Ligand SMILES: NC(=O)C1=CN([C@@H]2O[C@H](COP(=O)(O)OP(=O)(O)OC[C@H]3O[C@@H](n4cnc5c(N)ncnc54)[C@H](O)[C@@H]3O)[C@@H](O)[C@H]2O)[C@H](O)CC1
Ligand SMILES: [K+]
């Protein structure tokens, strides 16, 4: 049985890894992005001909921008669509957005037609989802679900409650999901299956607990 954790445990393990052990959050974000990129190349259910990256303004979005840059620098056709108030963006998100700007990765906006894309990457929310989804975020999720493209979700399909597996207003129906460190308990519930799709569990060096780290 896969070891699964709650969203709060996930955030605590992230915080311990960064603040106590001392692995910089950007290092974790780069590792996450590289693993997600590798998962996408491994997944034969994803047609990587024309990719749309949906990025929120937090670190889930930051992961997505790392994926955008890795795909772009390996010759894939990529566009990014950032949803949310840039003034609220996390520091690591801002760093990754600047790197995407260095490569001049083309940006689109919410009025974009999603049907021309073959794969959509969901980096809107991860462990930071704290309330029902509405506004532009709900629009982006509903447009992604309505499009013919397959969706690859980062950490937790956006809009899915990582603890209960319930939909918080609306949620991404992913073909596959790269979850960070451990599955979140809600993702393993039967009701969550249509939203998580094929699950990849990515070890990025997050603290694994003293029973595993020989403390
Ligand atoms: N450094 C680390 O801890 C690592 C995290 N990883 C990835 O980061 C996300 C968690 O990122 P965080 O910035 O904490 O939150 P999110 O990106 O999930 O959410 C962004 C932001 O959105 C706001 N919000 C919450 N609910 C709603 C809503 N319903 N509508 C609108 N806005 C909402 C809230 O302010 C959040 O802060 C984690 O999932 C990983 O993907 C790295 O992978 C590893 C290191
Ligand atoms: K997500």
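Just so you know, glycine gets a Cβ as well, placed from its N, Cα and C.
Features reported for this protein in TrEMBL:
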BINDING   59, 60, 61, 62, 63, 126, 127, 128, 129, 130, 131, 132, 155  (6S)-NADPHX binding site
BINDING   60, 122, 158  K(+) binding site
DOMAIN    10-212  domain 'YjeF N-terminal'
Ask   = Quick one: which residues besides 60, 122, 158 have a Cβ within 8 Å of the K(+) site's Cβ centroid, in sequence order?
value = 54, 56, 61, 64, 123, 124, 125, 126, 153, 154, 155, 156, 157, 172
Ask   = Which binding-site residues of 59, 127, 131 contact ligand 2 in the sense of C-beta under 6 Å?
value = none
Note = Taking only the CA atoms, the spacing between residue 60 (K(+) binding site) and residue 155 ((6S)-NADPHX binding site), expressed in whole angstrom, is 8
Query = When you measure from each Cβ to the nearest atom of ligand 1, which of the binding-site residues 122, 129, 158 fall under 6 angstroms?
reply = 129
Inquiry  = At a 10 Å cut-off from the C-beta of residue 158 (K(+) binding site), count the other C-beta atoms across all protein chains.
reply    = 30
Request  = Could you tell me which of these binding-site residues, 59, 60, 127, has the fewest other Cβ atoms within 10 Å of its Cβ?
outcome  = 127
